[in-house]
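Record features (TrEMBL):
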type: TRANSMEM; residues: 6-25; note: transmembrane segment
type: TRANSMEM; residues: 32-52; note: transmembrane segment
type: TRANSMEM; residues: 105-125; note: transmembrane segment
type: TRANSMEM; residues: 145-163; note: transmembrane segment
type: TRANSMEM; residues: 183-202; note: transmembrane segment
type: TRANSMEM; residues: 375-392; note: transmembrane segment
type: TRANSMEM; residues: 427-449; note: transmembrane segment
type: TRANSMEM; residues: 516-535; note: transmembrane segment
Amino acid sequence: MHYGPLVTKILLSFMLSTSVLFRYGNWFRHHIIVTLVVQLAWFFSFLIIFALPLDVISTVFRQCVEENVHLNATIDPNSTTPTPITCEEPWSNVPESIFPNLWRTVYWTMQCLTWLFMPMMQSYIKAGDFTIKGKLKSALIDNAIYYGSYLFICGILLIYLATRPGIDIFEWSKLKAIASSASNTWGLFLLVLLLGYALVAVPRNLWNNSNQSYVLNHAYFKAAKLSADKAEAEEIVDDVLESLQAISLAVRPGHALHQNLETIIQKVPSELKDRMNRRQLPDDTPTDSPGEKTLIRLHKQVIKSLQVLQRTETQWSILVEKIFALEDTLKNLNSRDRVYKRTFDKPKTVVGRIFYSSTIEWYWKCVFASYMKKMLSVLAGILSVAVVWSEVTFFNKQPVLSIFAYIVNVAKINYDYSTIELMSTLVILYLCYCAYSTVLKIRVLNLYYLAPHHQTNEYSLIFSGMMLSRLTPPLCLNFLGLIHMDSHIIKKQVLETHYTQIMGHMDVIKIISDGFNIYFPMAILFFCVATYFSLGARLLSAVGFHQFIGDDEITTDLVNEGRDLIKREKRKRQRAEEAMMRRREFHERFPPSGRLRTRGSTDTIRTVRNDDTQESTLLPGRNLDYEGTREEVDTRFPPDLADDIDARFGVSTRNIINERYDSSNELEFSDGYQLDTNYRNRVGIPPRGIFDDV
C-alpha cells in the first residue's frame, strides 16, 4: 500500500485551487472569511475530481479479491495441480478506512457550505444595513423564501415516507439519504441542462474558433451587446449617485445618520465621487431628511450598481484586448516576412523574447493554432458522442452498451489500472469543463463573472464556489453510473465505491430512484439535438435576447456596431500612446528631477496636474499649498502671468511660471538645464499669453 498517489492528488488539488483563486480573487482586498470559504469549496471540488479515480481503482481491486476468494474456495485441495488465482494490487491502493473517512468529511462539508453558509454570505455581502446584526437579519430574510421552498419539499417527502409501512423516517441513515438525495437530484437536474448544451457547444465552438473571421465577428457582436450593458450600468450608477448627492445635502455633519452616510460614500470610487461633487442638482431636488431604511435601501443600491459597473468595465477591457489581438492575427495571416506585428506593442520578458519570439508567435497564431483547435474539436466531439451514448444506454447491464463501462471491464481483466485512472480522470474533467464553462454564460446569471487579474468581486467568487459544490458530487455519481459501479442503477450486485456508499442511495424514494435518476439523464439527447440546430438561440432571439446567428439581420447590425465601437476605442488607444511617446520624449530631453524657476527671481510657480480636478500651487519661500479647480486657480493667478512650457509634449504635469525674465531672457532648470527663447521657437511652444489645452 502506498499513500503517495493520494497525497499527490491532495497537493495537486490544493495547488490548483490556490492558483485559480489567486488569479481571479484579490486576497488583500477581499475579506479573509470569503477567501477561506471559497478556497475550501474549490479545494474539495477539485479533490473529488482527482481522487475519485483512485477510489475506482481500489474498488476494482477489492472486487477482484472478493470474486477470487470464492473461486479459490471451490478449488479441490486434493487436486494435483491447484491453481489459486491472485489479484495484482495497484500501487495506489490504500487502507479501506481512508476513502470512507475522506469522502464523509469532504461531502458533508461541501453540503454545509453550499446550502447554508455560502447563500448567507452572499446575502450578507449585498445587504445594505450598517451593523452586523442588521446584515444577518437581512440575510435571513433574503434566504427565507430560498430555504422555505426546500423545507416545504422535505416536509412533503417526510409525509410521504411516513405513510409507507416499515420505514422509520426518524432513523439517522434515512434522514441522511433524504438530504443527500434532494441535493443530488437538484444537481442532476441542472447538470442535464448544462451538459445538453455544452456537449454540442464545446466541440462546435472549438471548430469555429479555428476560423479567425468568425471569431472576430462574434467578438464584434459581443462588444455591441456589452457596450449597451455598460452604458446601462453607467446610467444606473449616475442615478444612484444623484440620489446619494441629494441625501448628502440633507444629512450634514452632526446628523444622527451622518456616519451611515459616510459608510455609503466610502464605497464609491474616488473618480465617481469627484464626478458626483461636480454635478449640479436640479432646483426641485427634494432635500428632506431621510430615514434609516432609506439609507439602507440606498446602500444596497450602491453596492449592486457598483458591482455591475465593475463587472461590465472589466469585461469590456478584456474583450477589447481580445479583439485587438484577433485583428492583429487576421492582419498577420498574409505576412510574407513571417514576423508577428502588433498594433500596440507589449513588453516581453527575457524568457518571452527567447522562447516566444515574434517569429515563433507568428507560426503559432497564424499556422498551428488553427489546426490545434480543429484537432481538439474532433477529440471533444468524440468524447461528447461517447458521453451521450453512455448516458442513454448505461442502465443496460447485459450486454454492456456503455462505452466507458466496457473500457473499465476490459482493463479490469488485464489489471490495467493506469488505463482506468486515465480514462476516469479525462472523462470527469471533460464533464466538469462542459458544466462549469456553461454556468457563467447564462444570460440570467449575468451578475456573476470570473475576471482574471484579481478583478472578480466577492459575490461572484462565492457563487462559483456554490456551483462547484453543488454540481461536482452528482456529476461524479453520474459518472460512476456510466461505468456500472452503482448497483442501484444497473440492478446488479456489484461492489460499489466508497464514494457511492457515503453518498447514499435513493431507495427510500422509489419514484426518484427508479425513475428520475435513471431516465432523466436520457434527456441529454433531446437537449443536444436542440442545441445542434440552435433552437434555443433562435427562440431567445425571437423573444428579444439577441444571439449570434450568422444569417440574422439583427446579428449583422450588431456586428457592424461593434466594429465601429472598436475602431473608436482603437483611435483612443492610439492617441494615448502618442501622448505617452511625447511625454517620454520630453522627459528624455528634460529629466523630471528639476523644477522650472525664473533666474534671479522668486516669483510664483504653479504646478497644474492634467486631470483638471486637483491643481496645486506652490509659492517659493512660503509654506503654502493651494488646491482648487482650474477656474479658481486662473482667477487667483491671471493667465497673462503664466506660460505653458510643455504644451508641445503633452506631459501630465505642466509647469507654468511667472513670465518675468532677466536680461538673458532664459528659463533655467534647478539642475542646470536651460531653455532659451530660440528653442521655444524651434519646438513650437506658443508665444507668451496664449494657452493651448490640447
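Every residue, even glycine, has its Cβ placed from backbone N, Cα and C.
Unlike curated entries, TrEMBL annotations are predicted automatically.
Note that the structure is predicted; figures quoted are calculated from it, not measured.
Counting Cβ pairs closer than 8 Å and at least 6 residues apart in sequence, the transmembrane segment (516-535) and the transmembrane segment (6-25) reach fewer than three and form no contact. Outside the transmembrane segment (6-25) by six or more residues, the chain places 35, 38-39, 42-43, 45-47, 49-51, 54, 92, 94, 98, 450-456, 461 with a CB less than 8 A from a CB of the stretch. Below 8 A, the CB atoms of the transmembrane segment (183-202) and the transmembrane segment (32-52) form no more than two pairs separated by six or more positions in the chain, fewer than 3 in all. Sequence-distant neighbours of the transmembrane segment (375-392) (same chain, 6+ residues past either end, Cβ-Cβ under 8 Å): 195, 199-200, 202-204, 206-207, 210, 401-405, 426-427, 430-431, 482, 521-522, 524-525, 528.
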